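Here is what TrEMBL says about this protein:
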| type | residues | note |
| --- | --- | --- |
| TRANSMEM | 6-29 | transmembrane segment |
| TRANSMEM | 41-62 | transmembrane segment |
| TRANSMEM | 82-105 | transmembrane segment |
| TRANSMEM | 125-148 | transmembrane segment |
| TRANSMEM | 189-213 | transmembrane segment |
| TRANSMEM | 234-262 | transmembrane segment |
| TRANSMEM | 268-292 | transmembrane segment |
Amino acid sequence: MYYFVINSYISAAVGFFGNILLLKILWTLNNKDFEIYRKILIHSAISDIIFSATIGITMNTMEPLKGNLVSWNLGIVNSLPNFWTIIFVVFHIQVYFLSLSNNVITFSYRYGILVRNYKFTNYEYLMFTGAVISWNLVGMILWCMSLVEITDVDREYVESILDPRMFLDLQGVYKKYLIFKVISVKGRIASMFTMITVGIIGMTVIYTTYRINKIMAIKKDRLSLKTQQINKQLTISMLLNVSVSMMLDVLPVGIILMAAYFGIQMYGYAHIFFFTFEYQPSLNLVISLIFVKPCRNEFLRLFGIKKNSVVILKSGTYPVTNMRI
């Protein structure tokens, strides 16, 4: 638990402040070829900032137990009334899925520009974002409904099976926990809703990426080298974001859910999955800084690692402060 708390603080701080720095970098970039893609990265960075904040507040971890998910929280939510603890924990989980769902918006936005030659208006983009948020609010409500009121019988059953150390905080004091009843009707509906969400995201990413790559191959001779490079960089960045999220977060959560459904105990090993779960915002940040060249160049320039380019003209030498590619 000690290492989990330290991990939570580090991942929350890096994800929160790192993505704020990324927002600053994106705000300063004024490259014309990069302009239409900046909104995509800004959208993702804002989602990661919110998710990072919830990591530090909740510090949530779970264990499967015969049809249930037992949830502990080591963050400040543990000191709140039970109602607010539930709200914050479910909000934390659903913010992650909101961040993942944003790929539907960003991939569709890019698909519209490159394949349909149509750019969402600000109103359309806002409405699309609102629809995705509303969809995830439904998921949040469903998961809240799957929570059960813990009775003395439930408490006795859970604490007789799981390791007693799981119920103690860093000071050795008994800490409260929550129980999600995943095999109940409400729990099954919530789980099904989550699987549908992941399915929609996966199909959107696969279809739009296929169509974008196909159209880019056709338009290759008509596009500038800079545009081709930025498109390639953004494609790699976006696909890595989704792939890493699926492998480090969605897959482990799916394993925990299946273990709960089939009554398989994980003997504390489910905690390990939440170590990687918390680093998603930080990994997204690193991916953007490594694979999106305008972001990487601006980051290096910001810390004095890379100097501004210089152009020599007949009349003298002038710094080119806006050169990003």
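Start at 1 and count along the chain as shown; that gives each residue its number.
Cβ atoms here come from the backbone N, Cα and C positions, even for glycine.
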Which bits of the chain, at least 6 residues beyond where the transmembrane segment (234-262) starts or stops, bring a Cβ under 8 A of a Cβ in it? 37, 40-41, 44, 62-69, 96, 99-100, 103, 106-107, 110, 182-183, 191, 198, 201-202, 205, 209, 212-213, 270, 273, 276-277, 279-280, 283-284, 287-288, 291-292
Are there residues at least 6 beyond the ends of the transmembrane segment (82-105) whose Cβ is under 8 Å from a Cβ of it, and what are they? 43-44, 47-48, 50-51, 54-55, 57-58, 60, 71, 73, 125, 128-129, 132-133, 135-137, 139-140, 143-144, 147, 176, 178, 194, 197-198, 200-201, 204-205, 238, 241-242, 245, 249-250, 277, 280-281
Under an 8 Å Cβ to Cβ limit, what residues of the same chain, 6 or more beyond the ends of the transmembrane segment (125-148), are close to it? 39, 43, 86-87, 90-91, 93-94, 97-98, 101-102, 104-105, 108-109, 154, 178-182, 184, 186-187, 189-190, 193-194, 197
Outside the transmembrane segment (189-213), at least 6 residues beyond either end, the same-chain residues with a Cβ under 8 Å of its Cβ set are 97, 100-101, 103-104, 107-108, 110-111, 114-115, 135-136, 138-139, 142-143, 145-146, 182, 235, 239, 242, 246, 250, 257
Given the transmembrane segment (6-29), its same-chain partners at Cβ distance under 8 Å and 6+ residues beyond its ends are 38, 41-42, 45-46, 48-49, 51-53, 55-56, 59, 74-75, 275, 278-282, 284-285, 288-289, 294-295, 298-299, 302, 324
